[in-house]
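Enquirer: Here it is: the structure, laid out below.
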Amino acid sequence: TTTTYDRHFTTTQPHYRQDDRSRYDQQTHSQSTSRTLAIIALLPVGGILLGLAALTFIGTLIGLALATPLFVIFSPIIVPAVLTIGLAVTGFLASGTFGLTGLSSLSYLFNMVRQTAGSVPESLDYVKGTLQDAGEYAGQKTKDFGQKIQSTAHEMGDQGQVGVHAQVGGGKEGRKSGDRT
C-alpha cells in the first residue's frame, strides 16, 4: 500500500518517459560535442590572428624607428603637407557627412509627406463638407431673417406706423429724421 507521503511525492514529481530522458541526454551530448568542435576549430584561427597582430605591431614599431630620422629631417615639408592633406580629407568627409544627412532628412520628409498624402484628401473632403454645410446654414438663416424683416415691414406698413424712420435716422442727440448735419 502507498502512504500519503508516497502519493504526494509521486504525484508532484514530473513524469518522464524513458524516451524523453534519452532524447534530453542526446541533446545535451550533441550540444557539448558541437561546443567542443567549435572550440577546436576556432582555437587555431584565433591563435593565427593573434600572431599576425603581434607581427604587425612589431613591424610598425620597426618602421617608426627607421622613419623618425627622416621625419625630423623633412619636417618643414612634411608637417605642412600632412596638415594640408589632413584638412582636405576632413573637409571631404564633413561634406559627405552633411550631404548624407541632408539626403536622409529629405528622404524622411518625402516619405512622411507621401504617407500623409493619403489622409489629406479625406481631411480636405471633411473640411470642404463642413464649410459647405456652414455656408448653407448661414444662407438659410440669412434668408429666414430677410423674410422676417420683410414681413415685419409689411405689417408696419399696413398699420401705418411712421416711427421706424425716426428710429433709424434719430439718435441720442434727438435729431430729426431728415436732418443730416
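All positions are counted from 1 along the displayed chain.
Cβ atoms here come from the backbone N, Cα and C positions, even for glycine.
Straight out of Swiss-Prot:
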| type | residues | note |
| --- | --- | --- |
| COMPBIAS | 16-26 | compositional bias 'Basic and acidic residues' |
| COMPBIAS | 158-167 | compositional bias 'Low complexity' |
| COMPBIAS | 172-181 | compositional bias 'Basic and acidic residues' |
| REGION | 1-38 | region 'Polar' |
| REGION | 1-28 | region 'Disordered' |
| REGION | 39-110 | region 'Hydrophobic' |
| REGION | 155-181 | region 'Disordered' |
Enquirer: Please count the residues of the region 'Hydrophobic' (39-110) that DSSP assigns to helix (H, G, I), strand (E, B) and coil.
Expert: 71 helix, 0 strand, 1 coil
Enquirer: If you average per-residue pLDDT over the region 'Polar' (1-38), what number do you get?
Expert: 61
